[in-house]
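Copied over from TrEMBL:
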type    : residues                                             : note
DOMAIN  : 16-159                                               : domain 'Aspartate/ornithine carbamoyltransferase carbamoyl-P binding'
BINDING : Arg68, Thr69, Arg118, His146, Gln149, Gly274, Pro275 : carbamoyl phosphate binding site
BINDING : Lys96, Arg179, Arg233                                : L-aspartate binding site
DOMAIN  : 166-311                                              : domain 'Aspartate/ornithine carbamoyltransferase Asp/Orn-binding'
Amino acid sequence: MDESLQPAWPAGWTRRHLLDLESLSREEIEILLDTALQMKKLTQGCRAKVPLLSGVTTANLFFENSTRTRLSFSLAARRLGADTVDFTASTSSVSKGESLLDTAKTILAMQVDSLIVRHRAPGAPYILADNLDCCVINAGDGPHEHPTQGLLDMLTIREHRPRFEDLTVALVGDIAHSRTARSNIWGLKKLGAHVIVCGPATLVSRQWEKFGVEVAHRLDDILPRCDVLNLLRIQFERQYTRPFPSVHEYALLYAMNRQRMERAKSDILIMAPGPINRGVEITPDVADGPQSVILDQVTNGLAVRMAVLWLTCRVAQQAAV
Ligand code: ASP
């Protein structure tokens with residue numbers, strides 16, 4: 001392969017799995033972001049192919065719904081020249097009683113090198129990483145973590161505001177049930193940003209202060225100080241009781257709309273992990289407006305996932321030599 005298409009190998013990267021951002025050092029997060037940026041350049045904005053992983057096979061093992069993450073992992077693998085297969089729980093033998101480990105072992109027996117796992121149970125990817133001889137990437141484990149989402153959010157912020165130490169980033173919405181919130185908190189704190197978690201008291205407890213973040217219950221109070229707003233979806237599928245009287249009331253207090261944009265910094269970045277619920281956490285004019293970087297996040301997701309697949313698979317290949 002043409003050497004100019006080979007990204008420089010980062011000496012500080014030794015991991016074969018990506019399970020969370022909590023256990024990563026600042027240096028490792030920076031390696032992931034720098035490599036993602038290199039991938040973006042090498043593939044002309046995530047468009048072209050570079051055969052960095054030819055001969056490798058990745059499998060998406062998804063036990064929960066997904067649009068962005070699953071497509072993005074598949075495309076990232078293909079951009080790198082890998083083969084990729086898809087597993088969907090509802091159409092598989094899981095519905096016949098097969099366990100998570102047996103399902104994963106069956107897929108691995110087809111000579112798969114990397115498992116990309118989404119599961120409703122927090123910790124499921126750790127079980128696979130502990131018991132199987134392959135790379136494991138966490139694509140969302142219940143409300144726990146979604147590390148590639150955190151990374152793509154940080155990459156998108158860094159493209160606009162390179163110094164995290166100068167930034168106030170607010171995560172707004174259903175913090176209690178959001179894996180995006182957790183991965184963002186760990187990552188952003190390590191890079192030096194000031195993080196605010198904001199939402200109704202039923203979804204944002206004071207206990208979050210223990211993690212070094214500011215807790216707020218009124219968006220209007222914090223809005224003028226924010227450089228970035230990441231508007232999180234209300235995770236109704238994870239809630240056992242309704243945390244606020246009505247969606248309308250939530251939107252009145254927390255939806256980012258035109259009136260609130262007038263009170264925000266003029267260069268504020270508006271982000272959302274998606275899927276977005278127009279009219280609930282964000283109004284259409286703001287979602288499609290000039291400060292929105294929501295679709296840039298999606299493109300950066302490809303770059304981040306190429307970086308994660310390449311770095312983890314290379315460590316596994318080197319260990320096998
Ligand atoms: N797509 C993100 C996730 O899987 C956010 C969301 O679903 O609201 O966690």
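Each Cβ is built from the backbone N, Cα and C atoms, and glycine gets one as well.
Unlike curated entries, TrEMBL annotations are predicted automatically.
Within the set of binding-site residues Arg118, Arg179, Arg233, Arg179, Arg233 have a CB atom less than 6 Å from some atom of ligand 1.
Within the same chain, residues at least 6 positions away in sequence whose Cβ sits under 8 Å from that of Arg68 (carbamoyl phosphate binding site) are Gly274, Pro275, Val298, Gly301. Taking each of the binding-site residues Thr69, Gln149 in turn and counting other Cβ atoms within 10 Å of its Cβ gives the largest count for Gln149. For the pair Arg179 (L-aspartate binding site) and Arg118 (carbamoyl phosphate binding site), the Cα-Cα distance reads 12 Å. Over the domain 'Aspartate/ornithine carbamoyltransferase Asp/Orn-binding' (166-311), the average per-residue pLDDT in this prediction is 95. Its Cβ placed at the centre, Gly274 (carbamoyl phosphate binding site) has 18 other Cβ atoms within 10 Å. Taking the mean position of the Cβ atoms of Arg68, Thr69, Arg118, His146, Gln149, Gly274, Pro275 as the carbamoyl phosphate site, the remaining residues of that chain whose Cβ falls within 8 Å of it are Ser66, Thr67, Ala139, Gly140, Thr180, Pro273, Gly301.
For the recorded site, Pro275 (carbamoyl phosphate binding site), the DSSP three-state label reads coil.
Arg179 (L-aspartate binding site) counts 26 other C-beta atoms within 10 Å of its own C-beta, drawing on all protein chains shown.
Ranking the binding-site residues Arg118, His146, Arg233 by other CB atoms within 10 A of the CB puts Arg233 at the bottom. Mapped onto three states, the DSSP output places Arg179 (L-aspartate binding site) in helix. Secondary structure from DSSP puts Arg68 (carbamoyl phosphate binding site) in a helix.
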